[in-house]
């Protein structure tokens, strides 16, 4: 048997008084007073402004040891219970004392535990339900939607809160610590008609809730943890429903679903360090056959970038791996890939806490993608761009169609209308292998895979979030065209002069002006895309236009013309910033700045459109009638200065001292009260308030329609606004490179076609930021070079240092050295580090050879190749044979190669190759113990000093001594074999 609210409360408080006060108290605890509204309104009303179909929670009941209270608190809507009469914790029910748990976590935890114990005890004490129990209207709506979207966590709007039901509530509780009310979590416990099945432990759904304004907070938390979240919105307004006398529950619909790759956080700020977490959604398809073709489509909904590619891949999917490492997707759509590719994606997503989803490709999307693309663009505002998409490969078009269906649930499919944002992954950029990106630590260190300790971490001195995002692209795509590199360097030099130079000229003035404008600027790139999607609110639209105007006003049209010849990169940037001033000014002239800053709907426009004028007239008419009613009440109560009061968001209340309430007419409805006063409404006032709320909601709806139209007009300028934002992001990247390049000990490189790498006082760009007293090196690489030296002597660090210097020079940055000569390089191909691939069933040696095979296929005479101990994963004879053959290939190719090895050089190099290959080693002192100097010297190393490393690692001395004796014998054998080989070679010559 269900306890009534009044019965439960009566266990705590004295019985209501009789007489006139009884009428007012009945309105308080939920009974139907005379002329107080329709039954539907009284049943579930939480306030006069809000009508929901959700019943109130049953209050927690406490057993008979509760001390009776001396006073009777007012329990009405909006009442202010005196702190002396309100128990602060469960313990205070027994002690009568007020206990504050806010600053005592331990006490707070005990209170929650005891509260949960009482709640569970009450559930057990409930008598067995013999009649059928049905879900309420809101719960049944959730149930019907949940059956169709079982993979989605649903947030259901109920008045001014969002409710989470069933197993969704359990997940939300576990992930976000929202309070959980126990109940049904399994859909099988509910019949299709919403009736709770026999044998269920509970008669109601488990649920959690939170206020409406926290929707973004909890959505972001769950989405970032890999969940799919859906918003079920109320499609009706309570005030309109009341006045129009509509029956039945609120209409609710699933309006949006969000995943890690489709969620765009509202707000305009953010840290420049946040860009290490990419938000690319990548769709993949793989054809069948011996040489499968992989098609990739990457979309970043927050910036509008669309990147596509189609390529043939090898056994270990090295081509796909480099794209995943560079793009760093947070979500992958499997549109049909092989089991080996799927395993690779699973491993990548698991390591990066991403989301892997299945997306079936429709038959018509494969058989006739052109027709489906034309259908997608039909009737759209910029349908003329359809031709751009039709020129793409067939499977790319198929993936666009599949991804657009996936984005439709998030209302983001209009992304593909912006075809100017389409680019191919492969272009006129330096090729970087997957191992290169990982081993050189371009975006994440190899220890904990965070940004700190990466090249991007060193270079990211950007002022804006969107600038940092663009810089990440620059690092992943070094330039290979000499002219483009020199033009970028020219811009960097000019900015260095403005930052560190004493002299000032017109160009320096423009640079400093733009730097000041960018420092406080929000994430305009993300705001611009949200404008395109129709997601910006009034305040955000105003801020976007205002920030664009601030920049545009400082740069007149043609302000960069004079620099086009001398500094074309900066000249084009300045020209892109000042050409749309009039368009922005016209849009801002329509906006009331004060109202926009407050996100105020009713006064947003300076001049109201005709539709708003009529609605405001209706509202003023009702407000005039409310003033007339106030005059009548003043006369009736003989209170000439009487004014309406507002409490807790409830307006138009008549405040009366409690001592005078007995004189009031019985038909007056009590709304709220305190110890000293009570607040009422008359029947006439109730009617006027409902009309007022109706007019306000109608006006708000009209304001929303007008604002949506205005926002759409702003969105038509998307391409113009985007050109400004792109120019700002490019300047921000140049500024970041200038901040780094302007440091002491950095130098502009000389670019050559031949002559090799020549670095004086070269340093490791990352390591010198993490430690002091870094030892520099003079480096000359003219041909394939074999690097030897002791373990822990710095061989791997040195070759990474060289590669990073080459990469820095190709993105338009200075190099950490006192002098630098660097050849134009088309690729940096790296095979370093020992790792296996258990998910793909590949051993360390297999991974090593597959990556080596990729390098052999792609290397050219203009490549920089880094190979670290090739052949070490197998027997010595096989390893030497493989290393010998690989090194010989690069000697014949004449590619700049750094070949690290511990193998005997006599077995590694043929006599005819000795003059075509240089030998260097990392020096070490001959002291005991030896000291690493970390200096590169010509020639080969005499020993690897592996036993010294064994001692440092803690290997017992007895074992080291035994190994030392064994090593001497083996060394004698090797020297004997080397002598025999030399005599044989001499004999051949003679």
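The backbone N, Cα and C atoms fix where each Cβ goes, and this holds for glycine too.
Feature annotations, courtesy of Swiss-Prot:
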type	residues	note
REGION	1-60	region 'Disordered'
REGION	73-103	region 'Disordered'
REGION	129-261	region 'Mispair-binding domain'
BINDING	789, 790, 791, 792, 793, 794, 795, 796	ATP binding site
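In the three-state DSSP classification, residue 794 (ATP binding site) falls within coil. Highlighted in sequence order, 922, 932 have their Cβ within 8 Å of the centre of the Cβ atoms of 789, 790, 791, 792, 793, 794, 795, 796, the residues recorded for ATP, and are not part of that set.
Counted within 10 Å of its Cβ, the other Cβ atoms near residue 790 (ATP binding site) come to 22, all protein chains included. It is 796 that, of the binding-site residues 791, 796, has its Cβ surrounded by the most other Cβ atoms within 10 Å. A sphere of 10 angstroms centred on the C-beta of residue 794 (ATP binding site) encloses 23 other C-beta atoms.
Residues in the region 'Mispair-binding domain' (129-261) partition by DSSP class (helix H, G, I; strand E, B; coil) as 45 helix, 36 strand, 52 coil.
The average pLDDT for the region 'Mispair-binding domain' (129-261) in the predicted structure is 88.
There are 17 other CB atoms within 10 A of the CB of residue 792 (ATP binding site), with all protein chains counted.
Cβ contacts within 10 Å of residue 789 (ATP binding site), excluding its own Cβ and spanning all protein chains shown: 26.
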